[in-house]
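To start, the structure under review is shown below, and the notes come after it.
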Ligand code: GLU
């Protein structure tokens, strides 16, 4: 275990003040202990030291002019973490909390997630501390164009293919694609999550949420159970949460919560999906407005919960789907879920569970689908978009959806079998980390010291 400690200490010196990144590295390295100890080749080839260091990190200035004529400046990032398995692939996050630590933790997770899909994609991530919330369309467009003025020279359909993440949806992808085309004169699959009108793939928008629910169903089926009839807690109100809620209804479950940066809605009879889409996808409004239509629903403003943790996890339910952001589910929340009889957690967001909470959950009886396995459906469907772009084809909704289901099932089988192989059956944190790591590490070894 000393190599874990040594690696974290070395990172703390070489890359100071990146706590989310250390958290992601520590979780992965802890799971890898048995495979590192039993295989000298990983030590001899310094795979751990190489894998925690991005191949390339790009940081740039993003100046733009707001509607009042003032010049604004944001920071832009693209971390090209690992290309052993294919071109760098991963989203762009636009959120005020973005910094080098957040982008690096996301990029690091992305390497193993992408490896788990079995598809030919490396790991990368990018973004900006720009916050699209409250900005006009004109401001968003000018920001995206300025962001692409630098990014275009680093990306390409066979080098690095960004997509969306928090704060980056079809609108932002559209403005960035337009600017890329203007700068390079090339119409090519350089971004995924594109509009269906011009190169996007059916199911991409739904894929992360749907995939998280498919993964949950695999976990439950393995225990001779299913989502049918289950009451579910969902956090978030973005792309991932909305389509997790949609798929939960398809599976005969009842999602009773959702949340945004200001508060949580609890609706005992089930969240009204059409109203949620209207509020978030069309009006970009606060969830509090849900009460205008359903005064009987309960709204808890963020921070009003008396104990440390989040109101969304304190309702009685059978299953929980964290689909908002990192570290949104704490140890107190985990204990509350267990007390309330929750039997499953499937993570739609990236690293939504704190380190302490992960330990509590892994030691419990709950089925637990960690993010890099459970939310890999989004990036997997991005790769299906790349494949359609490269072959100039458009697949039907059913074709893409059935591939997504197969991919999620295979990820579950792979992580589950790996957990058995290493003597911890059902520990999908261990199984997913080792299965993803082995594919990347073995590819790195075969490609030499580069
Ligand atoms: N941002 C998503 C993720 O966390 C999707 C990335 C992609 O489609 O490239 O996996």
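Backbone N, Cα and C atoms are what each Cβ position is placed from, and that goes for glycine too.
Note that TrEMBL annotation is computational and uncurated.
Take the substrate site that TrEMBL assigns to 110, 113, 164, 382: the candidate from 89, 133, 135, 181 listed for it is 89. Taking a Cβ cut-off of under 6 Å from any atom of ligand 1, the recorded positions 89, 125, 165, 239, 382 reduce to 89, 165, 382. Calculated from their C-alpha atoms, the gap between residue 165 (site 'Important for catalysis') and residue 113 (substrate binding site) amounts to 15 Å. Within 8 Å of the centroid of the Cβ atoms of 89, 110, 113, 164, 382, where the record puts substrate, the same chain has further Cβ atoms from 90, 91, 114, 121, 123, 125, 163, 192, 378, 379.
For residue 89 (substrate binding site), other Cβ atoms within 10 Å of its Cβ number 28.
Distance noted between the C-alpha atoms of residue 239 (NAD(+) binding site) and residue 89 (substrate binding site) is 19 Å. Taking a C-beta cut-off of under 8 angstroms and a sequence separation of 6 or more, residue 125 (active site, proton donor) has the following same-chain neighbours: 77, 78, 79, 81, 90, 91, 92, 93, 103, 104, 106, 107, 110, 165.
The distance from the Cα of residue 113 (substrate binding site) to the Cα of residue 208 (NAD(+) binding site) comes to 12 Å.
Around residue 164 (substrate binding site), the same-chain residues six or more apart in sequence whose CB sits under 8 Å from its CB are 91, 92, 170, 172, 173, 193, 239, listed in sequence order.
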